[in-house]
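S.K.: Got a structure for you, written out below as structure tokens; questions coming shortly.
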Amino acid sequence: MKILENVLYAFICIYIFILPWKQGKTTYGDGILALIMFLYIIRLVLSSQSRRKMISDIKSFFHDYLSISMSILFLVMIISVSYSFDKKIAVSESARFLSYIILFFIIKYECNYKRYIHGIINSYVFSVCFICIFGIYQYFTGFGLSPEFMKYDYTDKKIAATLDNPTNLAAFLVLALFPIIMVSIYEKNKVKKSVYLLILVLVIINIVLTDSRNALIGVAIGAIILAIVFSWKLIFIIGPAAVISLFIPRISHRILDIANSSQNVSRIYLWKTALKMIKEHPILGVGNGNYVSLYDTYVKKYPELKYPWFTQRPTHNSYLKVTSELGILGIISFVCMLIFSLLKVKQVASSAKDKFYRYFCTGVFASMVGFYFMNISDNLFFVPKTTAYFWILLAISQAIVIRESSSESLF
């Protein structure tokens with residue numbers, strides 16, 4: 001069964017690397033994720049020891065507040081299918097969330113050897129690196145970039161790499177930014193440190209080239225959090241960096257746009273529509289994923305909510321999306337899940353025996369907080385190519401907890 005275990009780990013690394021590498025809703029990663037689940041089931045069928053371990057792991061899973069909140073949220077999603085207008089999208093979004101839970105479970109309980117953890121982290125870092133290289137190539141050539149992301153009033157183009165739009169790419173990069181910063185600080189080997197610093201520069205360049213206001217907010221908040229939880233001395237780096245950025249037109253223009261009401265008015269209309277759904281369906285919501293399906297119905301019913309040319313639009317706010325679609329219990333379980341996720345990662349960042357893990361998870365913690373704030377103006381928790389990495393990073397932190405509490409070999 002060791003062979004199957006290694007194969008499972010190898011496909012998880014492949015999944016992490018290849019997930020973003022196809023434009024559109026269907027990715028190569030979906031097929032690989034299905035294969036990972038299939039291999040896990042095969043392992044259970046062939047090994048009684050694996051079955052006993054799974055039973056033990058499930059018991060452990062349901063004794064954890066984070067896992068319980070995840071499970072309650074999934075249950076609310078499943079129940080919502082029964083009253084959803086568009087049952088197909090409700091089932092689809094529920095299945096997608098279940099796939100995150102399964103991926104989290106497999107990484108946490110099956111890939112918690114030290115070499116597996118480091119392999120998964122390296123796969124993630126190199127995935128980020130290659131996406132960034134492609135992003136820069138895309139900026140200079142326009143290759144693979146949709147015409148809708150070219151020729152704005154304030155810039156010639158916004159890069160999206162292979163993540164479908166600039167906002168998704170920006171969120172993907174913000175999740176990666178602070179873990180890479182912390183690994184760069186930790187690393188003492190000059191060659192490895194140089195590689196991490198090069199990747200860090202690529203990430204920063206790509207964030208700038210997305211022209212995402214939301215990313216600037218995520219970076220600023222993440223940087224403040226990092227200074228608070230790691231070292232206040234970072235202020236002497238963050239402060240000058242912030243001042244310098246004000247003299248870079250591409251950045252300063254987008255910073256000023258954060259407070260530009262004309263840039264925000266469309267989202268306000270979408271949020272008002274979500275609030276109207278919440279008012280009419282406060283307990284159960286309108287059904288998982290059904291904000292988009294019912295958007296046109298609501299703006300027809302309430303003409304004051306209509307924004308020119310908008311049809312079947314998303315909420316552009318993950319928290320309003322969950323509340324409008326899943327009601328009170330949905331948003332409570334969702335917020336609890338996010339809080340418990342932060343607490344779990346902070347625990348590893350504070351108490352892991354391995355210094356590398358402490359530094360890496362400190363970066364993950366800062367990125368998560370920035371990512372949470374980015375979800376105030378976008379549905380990033382529901383973009384598969386982006387949010388899958390949130391779950392992978394969270395699973396890595398919990399695999400570290402299991403590894404460091406185990407008496408088995410660290411290797």
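Using the three backbone atoms N, Cα and C, a Cβ is placed for every residue, glycine included.
Just so you know, TrEMBL annotations are computer predictions that nobody has curated.
Pulled these features from TrEMBL for this protein:
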- 7-22: transmembrane segment (TRANSMEM)
- 28-46: transmembrane segment (TRANSMEM)
- 66-83: transmembrane segment (TRANSMEM)
- 89-107: transmembrane segment (TRANSMEM)
- 119-140: transmembrane segment (TRANSMEM)
- 169-186: transmembrane segment (TRANSMEM)
- 193-209: transmembrane segment (TRANSMEM)
- 199-335: domain 'O-antigen ligase-related' (DOMAIN)
- 215-248: transmembrane segment (TRANSMEM)
- 326-344: transmembrane segment (TRANSMEM)
- 356-374: transmembrane segment (TRANSMEM)
- 386-402: transmembrane segment (TRANSMEM)
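Can you tell me where each of these features sits in the structure?
M.R.: Using a Cβ-Cβ cut-off under 8 Å and counting only residues 6 or more beyond its ends in the same chain, the transmembrane segment (28-46) has close neighbours at 1, 4-5, 7-8, 11-12, 14-15, 18-22, 54, 99, 102-103, 106, 110, 385, 388.
Listed by sequence, the residues of this chain that lie at least six past the ends of the transmembrane segment (66-83) yet keep a Cβ under 8 A from its Cβ atoms are 90-91, 93-94, 97-98, 101, 104, 284-285, 287-288, 325-327, 329-330, 333-334, 336-337, 340-341, 344, 398.
Within the chain carrying the transmembrane segment (89-107), a Cβ under 8 angstroms from the stretch's Cβ atoms is held by residues 8, 12, 33, 36-37, 40, 57, 61, 70-71, 73-74, 77-78, 80-81, 120, 287-290, 292-293, 382, 384, 387-388, 391-392, 394-396, 398-399, all 6 or more beyond its ends.
Sequence-distant neighbours of the transmembrane segment (169-186) (same chain, 6+ residues past either end, Cβ-Cβ under 8 Å): 20, 124-125, 128, 131-132, 135, 159-161, 163, 193, 196-197, 199-200, 203-204, 206-207, 210, 212, 214-215, 218-219, 222-223, 226, 230, 355-356, 359-360, 362-368, 370-371, 374, 378, 380, 383, 385-386, 389-390, 393.
Per DSSP, the secondary structure of the domain 'O-antigen ligase-related' (199-335) breaks down as 105 helix, 0 strand, 32 coil.
Within the chain, the transmembrane segment (356-374) has long-range Cβ neighbours (under 8 A, six or more residues past its boundaries) at 117, 121, 170-171, 174-183, 185-186, 214-215, 217-223, 225-226, 229-230, 338, 341-342, 345-346, 348-350, 380, 390, 393-394, 396-397, 400, 404.
Long-range contacts of the transmembrane segment (386-402) within the same chain, counting only residues at least 6 positions beyond its ends with a Cβ under 8 Å from a Cβ of the stretch, are 16, 19, 29, 66, 100, 103-104, 107-109, 111-112, 116-117, 120-121, 124, 163, 168, 171-172, 175-176, 179, 341, 344-345, 347-348, 352, 354, 357, 360-361, 364, 367-368, 371, 380.
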S.K.: Using a Cβ cut-off under 8 Å, which residues of the same chain at least 6 positions beyond either end of the transmembrane segment (7-22) come close to it?
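M.R.: Same-chain residues near the transmembrane segment (7-22) but 6 or more away: 28-29, 32-33, 35-36, 39-40, 43, 106-107, 110-111, 116, 119-120, 123-124, 126-127, 130-131, 161-163, 172, 385, 388-389, 392.
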S.K.: List, by number or range, the same-chain residues at least 6 past the transmembrane segment (326-344) whose CB is under 8 A from its CB atoms?
M.R.: 65-66, 69-70, 72-73, 76-77, 80, 281-285, 288, 319, 365, 368-369, 372, 394, 397-398, 401
S.K.: Could you give the residue numbers and ranges of same-chain residues that sit at least 6 residues beyond the transmembrane segment (193-209) on either side and whose C-beta is under 8 angstroms from one of its C-beta atoms?
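M.R.: For the transmembrane segment (193-209), the nonlocal Cβ contacts are 125, 128-129, 131-133, 135-136, 139, 158-159, 161, 169-170, 173-174, 176-177, 180-181, 183-184, 187, 215, 219, 248, 250-251.
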S.K.: Average the per-residue pLDDT over the domain 'O-antigen ligase-related' (199-335) and send me the rounded value.
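M.R.: Taking every residue of the domain 'O-antigen ligase-related' (199-335) together, the mean pLDDT is 88.
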